[in-house]
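Have a look at the structure below before the remarks.
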Amino acid sequence: MTTPQDSSPTIKTERIVIKGKVQGVWFRDWTVDTAKQLGLNGWVRNRKDGSVEALFSGNPNVVDEMEQRCRRGPRYAVVSGVEVFPSDEEPGTGFEHKSTE
């Protein structure tokens, strides 16, 4: 039995907003390190409302993995919610901190 060719996109880009105790607990540095280890492109920044926002772009399975990791966050984070939005934004190359918005 043959299976049809996988028609899923080779690149997935999504913007996520992480809420809870996510500032002052190394969330952005953890995000940069984790995203780089996973080979994702994009950025992360604090938001004035106390949340953290990130853009992840790469292999769809890896983007999904990063989203799941953000639901837990680094050791001292307390994540109370994650909002996920598909994005057409250009992620650039590599992964970086952006200024607070």
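In case you wondered, yes, glycine gets a Cβ from its N, Cα and C as well.
Unlike curated entries, TrEMBL annotations are predicted automatically.
Among the features that TrEMBL reports, active site is placed at ARG28 (among others). Of all Cβ atoms in the protein chains displayed, 20 besides its own lie within 10 Å of the Cβ of ARG28 (active site).
Taken from TrEMBL, the feature active site applies to ASN46 (among others). All protein chains shown were included, and the count of other CB atoms within 10 Å of the CB of ASN46 (active site) stands at 19.
Rounded to a whole number, the C-alpha distance linking ASN46 (active site) with ARG28 (active site) is 8 angstrom.
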